[in-house]
């Protein structure tokens, strides 16, 4: 036995010895003189020490070798490469060359591999490539493969491909190296092309090849291709091989096919840590955290050591409020195992707390990280952006720059997202400049972020410039451009961009369809755009996509075809909360409030899994818009029952509902504490006070908001300027308007300009109103001219009214309000022929009929002009005559200028008493219990004479009456109105 071992040592030296203690003991015996070490044996000893990680001892032996041969140099150089001492390896090679020894393929391949692994020795690797060409070793398949891998690792994929095409001999490793290069470069489709080329050339794949190809199928989201590759793998019997099985588990996990992932996992011969991580990821990515934790528990029986990848996977799955308790438990395990110092785990902790919406814990995790990489900084910036804390995000970005931290395209993407509010316009342009300075202006993802940012800043001209200069567009680029046009109501531009996209031959995705559907806003768009896009959706196979279905529902309802929108909703196979929320919200905001309330009830009856704050937002909006106070109160009760009465989003929606239903006291009773109010809470309050004529309260609320450090936005100023307009506070309103940009960096929009025109016009300052329209920062639209025309009606300004009306006729010839308002001005000026001319010009355009209604228990009682269809019509008209007599005795004199027909005064007075708001008042007095507040709602502005009637009635019958017209609330009590006769 000893003789055999001795002979083996003579033959193999130390090359076959794997035990550290045995190898060192045998070396000691040789030193003692038991055996003389030849050059061959010393070479094997150098190899032994290199393999066990003692490169210092290997180097010691090499330096003292009496005779060195080619193998000596090869062994010590490859040992340095194995030990990660790449610079030393190259230095040794230079000495090797100085000794006039010719390198062989082994040594060159080893050195090139070292340059590859170092990540910073491209120049040395390129020089070695040149040497290989010079001495004719590029035809060596191992040298060639190492060079191929070098260029791929450094992202020089075009050089790698060129070299690959020039290789005279390629083995499976060469093919696989190029595939890995393409995969790392982000071009997985090239991997599939190479795989198919291998098949055409009759080349066999090995385990590493299949692992790379399967990973590419997952990246491309090509399940059909993945299944074809799986068939090839099974044909060769490689599905149970560890590396192949791991990639298959990961692929099926990414597709959400947990059953198939488990089947592969169950058949893998030798499961390593990667196998367990892959199957845990498959379950966790589908939201099955409990099953993931069970698998983690089982894994501990086979692999006692905790793995950072496993813990990161579990932490990623815990990033929701419901799962955070498990995440905190895993966080404790991270600390206990000492992995809290691991940057990868630290970054995952950041993401977990960020996704759970706990910004304080996210900041704590970030600040406690001993080392931070670019992912850490980028994650924290992204977290601030998601939490709408743009200023914090930009401050952190600036800190990164000052500390000279590595910034990349991800950093700039988050920084640009932080600049998506108009108040950060200047900062956005500065970040854009920095993008150019660091040379990322051609980066596809950065360009997409720039287009998105400029779209949200309402600077689509800048967005188009970025788009046109970009060297490459993908579907995300097109979606950003189309979505930007749609969001900025540039519907024609959105359609043009969509047509260009199709002409270019780019493949659409569901986001493209959603963006272009959102550009369809009116009934005219339905036939010309909406339905053709719906047809295109079917052709492209998107008709069963839930997101597309929800967008189609919104488009049809928004364009006035509720029945088709509802039909799509009813035909949906699975109605999830998003689908319910979508149809309820769009119905509520497009005037189908009764239908929205019915849908909300149906959603509750259907037992939908989760009614969330978005559901209640739509429900409360429906109740608010239809003034359905009783339904709103029922929703409030349900909110309390479900424990959502502390959700600020829901509270804001409830406050808005109570305000729009005339219940300011109820709104104030649920108002959050000052410190807890969001900007939306303050906006709702200011808007409510403005609408109810509480002008001083609106101004006080605004100043309190500013003093607390809450920055007002464009919505705040719309509400504030509306309050000034309702109260005739001209100078104050102009002061607030001028402070918008100067003090708060809020750029005036069309809504603010409408308020100013209304403010000046209603106060009779028409010259200033005209000057303002000429100089305002946005182009005048129909709202501007309609506001001016309405003011001309109040003051009887026929000349300016004619100009405003002509502008409206040009902008929208089908707008009935323009004809009605101008004809009323003509009638008030006794220009009956002109009035008839306008009515003739109006042609077949139908005037929006006046309608008033009263909500009584579960019924809505509505009335039109001279309506006699109500079951209580006889009692109503009897009550009207009674009221007429009573208020005339109290001093009421009818103002017949509000009866716009060329008839005698008696007929005019009769017509006034047929107004819908008077019929509603008579009905309410008959049916609303005494002592209760009467609430009446009208779809148009209340008539001036009816306003007088309401004041008289409130005093005579001693009732509190709240009338909400299209513009504001009027609170009548004791013969007075909250508007002080200015509306």
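Glycine residues also receive a Cβ, built from the backbone N, Cα and C atoms like all the rest.
All TrEMBL annotations are machine predictions without curation.
Copied from TrEMBL, the annotated features are:
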- 69-103: repeat 'PPR' (REPEAT)
- 171-205: repeat 'PPR' (REPEAT)
- 272-302: repeat 'PPR' (REPEAT)
- 474-508: repeat 'PPR' (REPEAT)
- 576-610: repeat 'PPR' (REPEAT)
- 678-712: repeat 'PPR' (REPEAT)
- 891-983: domain 'DYW' (DOMAIN)
**Prompt:** With DSSP helix as H/G/I and strand as E/B, how many residues of the repeat 'PPR' (474-508) fall in helix, strand and coil?
**Reply:** 27 helix, 0 strand, 8 coil
**Prompt:** When you scan the chain for residues with a C-beta under 8 Å from the repeat 'PPR' (272-302), skipping those not six or more beyond its ends, what do you find?
**Reply:** 242, 245-246, 249-250, 252-254, 256, 258, 261-262, 265, 309-310, 313-314, 316-318, 323, 326
**Request:** With DSSP as the reference, give the number of residues of the repeat 'PPR' (576-610) in helix, strand and coil.
**Result:** 26 helix, 0 strand, 9 coil
**Intrachain residues whose Cβ lies under 8 Å of the repeat 'PPR' (171-205), provided they are six or more past its termini** = 141, 144-145, 148-149, 151-153, 155, 157, 160-161, 164, 212-213, 215-217, 219-220, 222, 225, 229, 232, 236
**Intrachain residues whose Cβ lies under 8 Å of the repeat 'PPR' (69-103), provided they are six or more past its termini** = 39-40, 42-43, 46-47, 49-51, 53, 55, 58-59, 62, 110-111, 113-115, 117-118, 121, 124, 131, 135, 137
**Asked** Mind checking how the repeat 'PPR' (171-205) divides into helix, strand and coil residues in DSSP?
**Response** 27 helix, 0 strand, 8 coil
**Secondary structure content, the domain 'DYW' (891-983) (per DSSP, counts of residues)** = 36 helix, 16 strand, 41 coil
**Request:** With DSSP as the reference, give the number of residues of the repeat 'PPR' (69-103) in helix, strand and coil.
**Result:** 26 helix, 0 strand, 9 coil
**Prompt:** What average pLDDT does the predicted model assign to the repeat 'PPR' (576-610)?
**Reply:** 88
**Prompt:** Which residue counts does DSSP yield for the repeat 'PPR' (678-712) in the helix, strand and coil classes, in that order?
**Reply:** 26 helix, 0 strand, 9 coil
**Prompt:** Using DSSP, how many residues of the repeat 'PPR' (272-302) fall into helix, strand and coil, respectively?
**Reply:** 27 helix, 0 strand, 4 coil
